[in-house]
Amino acid sequence: MSRKRTTIIGTAALAGTAVLALSLSSCGKADMTKQASPFAAAKGSKSVTLSVQTWVGAQSNVGVAKYLLEHEMGYHVDTVQVDEIPAWDALSQGRVDAILEDWGHPEQEQRYVKDKKTITAGGGNGVTGHIGWFVPKYWADKHPEVKSWKNLNKFAKQLRTSESGNKGQLMDGSPSYVTNDKALVKNLGLDYEVVFAGSEAAQITQIQQFAKQKKPFLTYWYEPQWLFNQVPMVEVKLPKYTDACAEKGAKDPKSIDCAYPTTPLQKYFNTEFAKKGGSAAAFLKNFKWTKDDQNEVSESIASEGLSADEAAKRWVEKHPEVWKKWLPKK
Amino acid sequence: MTFFSTPPISTRPLSDAKRPGPLRAVRQFPALSKLLLLVLAAAVLVPLINAQWPGALWPSALTVDVSGPLGKTSDWIIDNRDSHWLFVYFLGHLSNAVVISVRAVYMLLLALGWTGVTAGITLIAWRVAGVRIAATALISFLVSGLLGMWVPTMQTLALMVVAVVFSVLVGAVLGLAGGLSERLFRILRPVLDTMQVLPAFAYLLPVVLVFGIGVPAALLATVIYAAPPMARLTALGLRGADPGVLEAVSSLGATGRQRLLTARLPLARKELLLGVNQSIMMALGMVVIASMIGAAGLGDRVYQALASVDVGAALAAAIPIVLLAIVMDRTTAAAGARLGADTAAIGPKWLRGWLAWTGIAVVTAGLALAGRLSGSLVWPGAWAVDLARPVNDFKEWMVDHLYSGVPVIGGTADWAEHFTNWVLNPLRDGLTALPWYGMLLIVAALAWLIGTWRTALTAVLAMAAIGVLGVWKPSMNTLSQVIAALVVTLVLGFGIGILAAGSKRLEAILRPVLDVMQTMPQFVYLIPVVALFAVGRAPAAAAAVVYALPAVIRITTQGLRQVDSSAMESARSLGATRWQILRQVQLPLARPALLLAVNQGVVLVLAVVIIGGLVGGGALGYDVVTGLATGDLALGLVAGVAIVCLGLMLDRVTQPTERRTTGKGV
């Protein structure tokens, strides 16, 4: 019966480890903000954790920052992929040290930056983001009038799918993205149905599929985005964005009837990291590039299939004049 | 039977639910009277209800808005997380303990190096489960390395080891309580049901709020999901212990504790081991989902590959997950099968007892040292295979050739469109147009006909809860998708199952395919289903069918195989054709198995509703995903609870009551 005994002993040993771990940590207060990932910092104590969001632009920022931190400055960098709002939460808790591309979350900003002061604004990353409605260029070339919202109803019939019923389909993406599309369709009197693809991956796949067949489509999309290089798209003009309209929308999101604003994308740091993060924090504060730079990296990741690390390396080798300025002076 | 990651929500014994045929005729009358009663009730109530709340959708006067209190809870957690004693003195330590344990295991695995880990696990598999499974283990680890996934595989393995230990401990404690006390058992059952059916996505956010993103939260979410089977099987094992043996032990003057330790637990060891096996499989099923809150490892690679729409890279990370699952399942299942057998019969003498374990340790240490000396602790980088490119090329080819314009049968996009237009849309519109009280009446009638008034009451209350929570419309949409996917799954599953039951060869060919379908993380086929079926509810249904089909096929095949061969023989001697035998002998006798297949179909299809939300399925699945992405506790949790209610209702209207009462309550 030695088999059975060993199983029990094995289980007991594992259980013992768990209990030991519990008791090791259980003396006095446990600060929940002071835990790194168990996989982190195996190589040394100089470690930074960056949050990556699901879109490729965010991967590019993080890829380049990570490459430089590791190869030029001797840091170990961990990355965590997480949705935007949980990422703010993680930033405030110190689970991650920095977000390198935020598209504007006023509520979170109020709570963490202004009230709790656990997060510090890190300035812009140099890229300006813009959300809008887009149609493929091959279609707009044939029907230039589609480029204004006023004419959209004429094309609704062409954009019908089995999901949108007898209305035209306006495709939206991931639930985590900022969108007013349902309100816009209603307030502008458009004969369209908003169909949520549910994730950016699904949305991109669908756009690629449409493009392959040269089918018309109308989609919520944003710049900067690498997909524009593969599937050229042009923007549909919506009623002009004004501060008054934005203010009205802030009070009642259902009343919005104008275009999306252009957003200079922001960096945010954990406050303690910003103060005590030394040269890594200084470097990330200096990090600032252009839309073209970012798209160059994104394109190599998304359509050439390079890893973020390889893509970053390629860009870093080509553009020393850009990133040399980011390195903190010794 | 391998219990391959089928959520064991009802692994009730198949054979003890045979119902005497003649009784059926008698049952016609109570059924009629039940219906009459319901019609009467409807005739009185419907005009009243209709006058009070006109319209098909659930009346808003009867809803409760929970977003206020839930929003407050979430704010409270965020504001008090750094100061309240609950966090500082309890949850904080728990979180630390998790980090320390996972780190310890991870460091050990890294220290052993790829040579040490591969050798160690292969030898253990050999010792416990035999040569063939050892070979599987060896190949699996080499493949993980070749795919360039060694480090993520070790991270996942470390997380899994700790998660399984925690799940087994928690499950065993709950199971002990439930096994020893009838009252606790009754309280425990609905809790365990909820833990399993509540979509993991719905509790990711609460867990993240408390623990923050990262390993502790991921591990906790995994334990919530993986502990129930251990608890159920522990309770089952303890309750099922032979009363004769227990009697004998007590007559020898054993105390309660002695009886537990010397008789009941040892007698239940098969169930205990099966529980461990199930916990492992469930935990592995959470690998990718947990990565959405920062678990790192293989799941994270799958998730990140998806962000850049790279199926090949996602597959490269998913294959090690599948292989880990297969190795762990086969090893623990084989160990379980051998428990009862005579130990002396296994293998040559030098492979037995303490000598063998020492041998394993020595060889592992030796190989680990050799690996260390050769300077490649992680995995020799040059030995890598690039899988991503060919897979992506294949996907492109498939999509190019199948998407549309295939002669005669049309392309996948056309099927998807027809399926949406002809099946999903009418079903959804019908369910939404149906007045809410009509829906309640139908549910009541179905559940009552098939069971008792209690069954009907549970089903109706579950539906009413959906209305009260204010998610009636999206729930009807989701219900239409679930029904459509379920019907497709059952038609295909029963069909293939019947074929496989008739041919050993087909079954052998199917087995690895089904294994892969069941363990492959659903995120991997998310992109291909969208590429083939276009964004919408059709790809969501396709994903659900892929996921639920294997269990239905397996249970059907097994059920048909178990049919008493003498009954079939006598039918054959009477000159029945094969079709007649199947229809009149095999299928009726396999009825309990077929019902179990339906039940599993319901559970598994519901599990994919969330994934459906990621590909355009909308409705409840989308709400759960939105809740997580936007930190909206109320939205995600309410939608999750509505999914549970749908599951409860579907279970009650498809499962005759005998199974629920005669089953030992697994």
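Placed from the backbone N, Cα and C atoms, the Cβ positions cover glycine too.
Just so it is clear, the model here is predicted, and its values are computed rather than measured.
Feature annotations, courtesy of TrEMBL:
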type: TRANSMEM; residues: B:104-126; note: transmembrane segment
type: TRANSMEM; residues: B:133-151; note: transmembrane segment
type: DOMAIN; residues: B:153-332; note: domain 'ABC transmembrane type-1'
type: TRANSMEM; residues: B:157-180; note: transmembrane segment
type: TRANSMEM; residues: B:280-298; note: transmembrane segment
type: TRANSMEM; residues: B:305-328; note: transmembrane segment
type: TRANSMEM; residues: B:354-371; note: transmembrane segment
type: TRANSMEM; residues: B:431-450; note: transmembrane segment
type: TRANSMEM; residues: B:456-472; note: transmembrane segment
type: DOMAIN; residues: B:475-654; note: domain 'ABC transmembrane type-1'
type: TRANSMEM; residues: B:484-503; note: transmembrane segment
type: TRANSMEM; residues: B:523-549; note: transmembrane segment
type: TRANSMEM; residues: B:593-621; note: transmembrane segment
type: TRANSMEM; residues: B:633-650; note: transmembrane segment
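Residues of the same chain lying 6 or more positions beyond the ends of the transmembrane segment (B:633-650) and with a Cβ under 8 Å from any Cβ of it are 66-67, 70-71, 73-74, 193-194, 197-199, 201-203, 205-206, 209, 443, 447, 458-459, 462-463, 465-466, 469-471, 474-475, 478-479, 482, 602-603, 606, 609, 620-621, 623-627.
Note: the stretches the transmembrane segment (B:593-621) and the transmembrane segment (B:484-503) are in contact (3+ CB pairs below 8 A, sequence gap of 6 or more).
Under 8 Å from some Cβ of the transmembrane segment (B:523-549) lie the Cβ atoms of residues 288, 302-303, 306, 309, 311, 314-315, 318, 395, 398-399, 402-403, 412-413, 415-417, 419-420, 424, 481-482, 484-486, 488-489, 492-493, 496, 517, 600-601, 604-605, 607-609, 611-618, 621, all in the same chain and six or more residues away from its ends. Looking at which of B:157-180, B:305-328, B:431-450, B:484-503 has the most CB pairs under 8 Å to the transmembrane segment (B:133-151), the answer is the stretch B:305-328. Long-range contacts of the transmembrane segment (B:484-503) within its own chain (CB-CB distance under 8 A, at least 6 residues past either end) are made by residues 419, 423-424, 427, 510, 540-541, 544-545, 548-549, 552-557, 559-561, 582, 586, 594, 597-598, 601-602, 605, 608.
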